[in-house]
Amino acid sequence: MTLSTKKIDVPEEFEESHESTLEKPNLDGDRLNLVLLTTLYIIQGFPIGLTVAFALILQSNKTVTYEEQAILSMAFWPYFLKIVWAPIIDAFYIRWIGRRKCWLLFLQTLMGLLFLYLAINISDWLPNEGKPDLTILIVVIFFANFLSATLEIVVDGWSLTILKKNNLNYTATCCTLGIQTGMLIGSTGFILLVSEQFIIKYLNMKPGTGGLVTMKSFFFVFGIIVLFNILLIGILKKEKNNSLDKDYIQINVFQNFKVLWDLFNLPRVKIFILALLTMRLGFIVTDNVSEMKLIDVGVSKDDIMIIGLAVYAIKIVAPFFLSKYINSTKPLSHLLNLILIKLFWNAIYAVLLYYTHSIIHKNGVVHVPTYYYFMLGLVIIINEMMNFFMILLLTSFFCRISDPRFGGTYMTLFNAVYFTGFLMTKTLGIQLVSLLTFSKCSINFNNICSASNMKNPCVTSERICEVYIDGYYTGTVICIIVGCIWYGVFKNILKEYQLLKPSYWLVNVEEYNTKEVV
């Protein structure tokens, strides 16, 4: 596969003025649908946040090892693997209930019952004192994330048909707003509400009163909310019968897998997938190592978490102010502009980190001045908002090029590819900084402190491993260079892709044999 930045020569499929052919968004008749989609995405985001919360609670209780934390992280795997069963969700359904609605009722009923079951047993599985039952906790959280990941396939597919075509770009807003809110409730909201330390410090409560709510009541309320939501959808929401559409086609599960394979093999899709997988190479150090470096130089992790709370709050309201750009006809142009700004922001972040030690350390004592908090907050918030805006723009483009007939398969493929690239670069960024960092023992310059068997003798002799080349800064420079190369390779390609008619991204399914389903 070769990449070319030459103009795409497809005159029969290319729109000379793509913007002029699109209808302007009109929310009349779709406002309740937008509320419904946002609510569904909130429920979907809750297990993601809960997984993070459990990891932090277990770590703070000092009842698990890092190896056990690694096993707990496997609970995220369904979000990477969902592409395997996405064609099944698209192919099997009960027509009289609705193609998406039947799966939605089933999945959310299971999720509601799961959290009621968790509420009943959480005191035994995660006691205040003693060893938690880690095995059952991992199984329950994994299953919750499996339901959430499968629910994402259903909701992404339904969003392509529940809204009018001229309002499809609002799906990105509903998705990001809902998932971020759900993650906030499941992580920060859960930890603070059940934390006794939080109410003692900030609400002046007496020790021994527990948190504002118990874990049992928290999960019980959420389970009831999910089941009540399903009851309302089952009674009040009727799914449109898309079999009446002139382009409707009904295929079996094996043919749906062939749709996925044919989609993956479209030349433009291959190049687009390569762009998604490598898009974050320019930011792997800044986005994945900066907070670790801040803690290393003396910034409190609690201070970073408070800034993170502000980031969540801004993310929840930001889509309303960014809708003009998200719903534009050229989302990838805005994305490319953001990538250039983020590459510049890498340098800003690195400069702040470089001077942090001298700013907050006075006479060997850590004292963080107020102005530094403002600088740090500004740098982190702008960086995180650019990441957030990039996801919004990509989701908007995914919605535009996805075939509504196989929406779950299309959206799952693109989302899974981007998420895979995100996770790969996370590991790569940490490894890159480690590889490019060089140290030596202050008592023995021949000891380069490259492994624990060399670090331990140095530390034992009351000396330190002094870093003389910090891989963070070297890695940042390399990332900026790689990011500029990526921009040069994909700039013209992506700009041309956003001008292609949506029909150019469709696979040919006319030769498939139709097969009735229940």
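Cβ from N, Cα, C; glycine included.
According to TrEMBL, the protein carries these features:
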COMPBIAS  1-10  compositional bias 'Basic and acidic residues'
REGION    1-21  region 'Disordered'
TRANSMEM  34-58  transmembrane segment
TRANSMEM  70-93  transmembrane segment
TRANSMEM  102-122  transmembrane segment
TRANSMEM  134-155  transmembrane segment
TRANSMEM  167-193  transmembrane segment
TRANSMEM  213-236  transmembrane segment
TRANSMEM  266-284  transmembrane segment
TRANSMEM  304-323  transmembrane segment
TRANSMEM  335-356  transmembrane segment
TRANSMEM  371-394  transmembrane segment
TRANSMEM  406-425  transmembrane segment
TRANSMEM  471-490  transmembrane segment
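In this chain, the transmembrane segment (34-58) lies close to the transmembrane segment (213-236): three or more C-beta pairs between them fall below 8 angstroms, excluding pairs fewer than 6 positions apart. Through the fold, the transmembrane segment (134-155) approaches residues 37, 40-41, 43-48, 50-51, 54, 58, 64, 68, 71-72, 74-79, 81-82, 85-86, 89-90, 100, 103-104, 107-108, 110-111, 114-115, 117-118, 121, 125-126, 408, 411-412, 415 of its own chain, all at least 6 residues removed from its boundaries and within a Cβ separation under 8 Å.
Highest Cβ contact count with the transmembrane segment (406-425) among the listed stretches 167-193, 213-236, 266-284, 304-323, 335-356 falls to 266-284 (criterion: pairs under 8 Å). Count of Cβ pairs under 8 Å against the transmembrane segment (266-284): among 102-122, 213-236, 335-356, the largest is for 335-356.
Contact between the transmembrane segment (167-193) and the transmembrane segment (335-356) is not supported: fewer than 3 Cβ pairs lie under 8 Å, counting only residues 6 or more apart in sequence. Among the listed stretches 102-122, 213-236, 304-323, 335-356, 371-394, the one sharing the most Cβ pairs under 8 Å with the transmembrane segment (471-490) is 335-356.
In this chain, the transmembrane segment (102-122) lies in contact with the transmembrane segment (213-236); the count of Cβ pairs under 8 Å, excluding pairs fewer than 6 apart in sequence, is at least 3.
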